[in-house]
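If you check Swiss-Prot, you get these features:
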type	residues	note
ACT_SITE	H42	active site, proton acceptor
ACT_SITE	H155	active site, proton donor
BINDING	K65, N66, Q67, N68, T69	substrate binding site
DISULFID	C50-C110	disulfide bond
DISULFID	C64-C122	disulfide bond
DISULFID	C82-C137	disulfide bond
DISULFID	C89-C98	disulfide bond
CARBOHYD	W34	C-linked glycosylation site
CARBOHYD	N44	N-linked glycosylation site
CARBOHYD	N92	N-linked glycosylation site
CARBOHYD	N111	N-linked glycosylation site
CARBOHYD	N138	N-linked glycosylation site
MOD_RES	Y60	3'-nitrotyrosine
SIGNAL	1-27	signal peptide
Amino acid sequence: MVPKLFTSPICLLLLLGLMGVEGSLHAKPRQFTWAQWFEIQHINMTSGQCTNAMLVINNYQRRCKNQNTFLLTTFADVVHVCGNPSMPCPSNTSLNNCHHSGVQVPLIHCNLTTPSRRISNCRYTQTTANKYYIVACNNSDPVRDPPQYPVVPVHLDRVI
């Protein structure tokens, strides 16, 4: 007997398990809006060294993130990019809320080299470059995001 797709309890548990894993990898901490989380992950490099800077992000997510890119620019400058023409997002072409920076910015890419269950033991290498970037933008949270920004970056889709 072959179980029917999505009606079998086993298939349902597998599907829910996969969704849970996927969701946890892309989840933001509840206390932040998507724009605030974007700023923490991609603008606010609290230290010039990836290992120290990633500790902030990893503490919120309670795991060592495999890689991350910090744009060495201001949140206001990235918000300005949201005003550039919309384009399909390279990582998901069904979404049309991405915007190309139009100018290169300095950035630091952090790559996990020493994973650990203990967040403070995770180690990263870093690479610096000047690159264009593509961000996804959405309407801001009218209560929790700065009122001067009606549209805000919510996802760093790609660096080029």
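The backbone N, Cα and C atoms fix where each Cβ goes, and this holds for glycine too.
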In sequence order, the recorded positions (N66, N68, T69, N138, H155) whose C-alpha falls within 10 A of the residue listed as 'active site, proton acceptor': N68, T69, H155
Assigned element (helix, strand, coil) containing C50 (disulfide bond), judged by DSSP: helix
Close recorded positions near C82 (disulfide bond), where close means Cα within 10 Å, chosen from T69, C98, N138: C98, N138
For C64 (disulfide bond), the three-state class that DSSP assigns: coil
Inter-residue Cα distance where the pair is T69 (substrate binding site) and C110 (disulfide bond), in Å: 6
N44, C50, C89 filtered to the recorded positions whose C-alpha is within 10 Å of K65 (substrate binding site): none
Around the Cβ of C89 (disulfide bond), the count of other Cβ atoms that are within 10 Å: 19
Minimum Cα separation from N68 (substrate binding site), reported as the residue among recorded positions N44, C50, C98, N111, C137 that achieves it: N111
Using Cα positions only, nearest of the recorded positions to C89 (disulfide bond) (N66, Q67, T69, H155): H155
Of W34, C98, C122, C137, i.e. the recorded positions, those within 10 Å of H155 (active site, proton donor) when Cα atoms are compared: W34, C98, C137
When distances run from the Cα of N66 (substrate binding site) to each of the recorded positions N44, C50, N111, the nearest one: N111
Set of same-chain residues at least 6 away whose C-beta sits under 8 angstroms from C98 (disulfide bond): S86, M87, P88, C89, P90, I134, V135, A136, C137, D157
Three-state secondary structure, which DSSP defines for C137 (disulfide bond): strand
